Amino acid sequence: MLITTVHGQQIEINNIDTNHGYLLFSDKPVQIPSSFEHHCLRINLTEIDTIADYFEQRLRTDYHAPQVKFLYNKMRRELAGIALRHRNKRGLINIVGSVFKYLFGTLDENDRVDIQRKLETNAHNSVNLHELNDAIQLINDGMQKIQNYENNSNIINSLLYELMQFTEYIEDVEMGMQLSRLGLFNPKLLNYDKLENVNSQNILNIKTSTWINYNDNQLLIISHIPINFSLINTVKIIPYPDSNGYQLEYTDTQSYFERENKVYNNENKEINNECVTNIIKHLKPICNFESIHTDEIIKYIEPNTIVTWNLTQTSLKQNCQNSFNNIKIKGNKMIKVTQCKIEINSIILSENLFKPEIDLTPLYTPLNITKIKTVKHNDINEMISQNNITLYIFMTTVIIILILLYLYLRYVSFNPFMMLYAKLKLRKNQNQNTAQQIEMEDVPLPLLYPSIPAQV
């Protein structure tokens, strides 16, 4: 019985004439690969061993600290500026004046005193200059270590980058081998061998297997890539009581189809369950059945479909005819509605029954990714240099401050202990003044006018 109305609203009621203990219900079709392209990815195990030995040798000889090139160049420029300034300020005695007089014996007493003072100053400056040279030598040694540090850093950065790429390649191959045991394809293998017929739609349908060629010491990962697909109808198995009240003991919700005398589920996996395969092939099922303990049944098959079993005459309310006319139904029925709603024994059936009535907002923040950039070796070095700039500037500033402080203390003849001594001396004087004031408060003042007793 089919009742249709305008605007696509429809209610369909059909009799169920079966006595098997189950129903076969048509489900949506699935897309199944019909032809494949076979591809082989060859991995030379001998070459991998050679590369592994190369990295082992590099790690033994080239393991050094990270680079500090920026700090080294900065220190070179600052040191050149400091040496130039001190060389201009620290000249010897006047060659045209005092030395000329001394050589020819024309100096007088004033000249002698002036020359002696300059010679003493020059001797003192020579001592200071020797100490400065020691400091400069120490700095030069440190900068030489920094330069060696930088050279070794370039080597280790290159080594780490190459080792990272090689390790990632080995991990991808290993994952491909593990997934091939399950017949699955590792998408990361596409990084090493681009395949024309592989896309996001069929990548889950790619099957793989792993082989080893002992003669050439090669590992072969063979991919079966689907290039053509076909639509195949599927069916669901629905337990439904027979006339004696027994139904199939079955709880699965998968859909099945038959191809080349084999049964597969909707994920294209072969089914070996004899009960399921016989039902799909319309053979005599070898299954377990169970007794039901109810007089009648009303249950959902899909959001817009229900079935009834042994139903007594019942009134069905519906709005599929733009009115709420009741329909009397009885027995074993399958009821399906389209763009309308029915109600039977307080059970509401609608095509939109299971659609949410509230707005579900995701709890995560969507990521606006417009482009993914591949990071290259040069980019990695640049990022490392940029991240180290702050550290380099800080270290350079500290070293310059220490050098300036050293020069200031040496050549300005500033004694940092004088201020400490002055503070201690001032505090001692304040303590003495306080003690004298306390003693004065304890001594009683003299009486200028002695008291005279009163006479009566």
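A Cβ is built for glycine as well, from the same backbone N, Cα and C atoms used for every other residue.
These figures come from a predicted structure and were not determined experimentally.
Over in Swiss-Prot, the protein carries these features:
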- ASN44: N-linked glycosylation site (CARBOHYD)
- ASN151: N-linked glycosylation site (CARBOHYD)
- ASN228: N-linked glycosylation site (CARBOHYD)
- ASN310: N-linked glycosylation site (CARBOHYD)
- ASN368: N-linked glycosylation site (CARBOHYD)
- ASN388: N-linked glycosylation site (CARBOHYD)
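For ASN310 (N-linked glycosylation site), the same-chain residues lying six or more positions away in sequence with a CB closer than 8 A to its CB are PRO241, ASP295, GLU296, ILE297, GLY331, ASN332. Cα separation, ASN228 (N-linked glycosylation site) to ASN44 (N-linked glycosylation site), rounded: 32 Å. In the three-state DSSP scheme, ASN310 (N-linked glycosylation site) falls into the strand class.
Neighbours of ASN228 (N-linked glycosylation site), defined as other CB atoms within 10 A of its CB across all chains, total 11.
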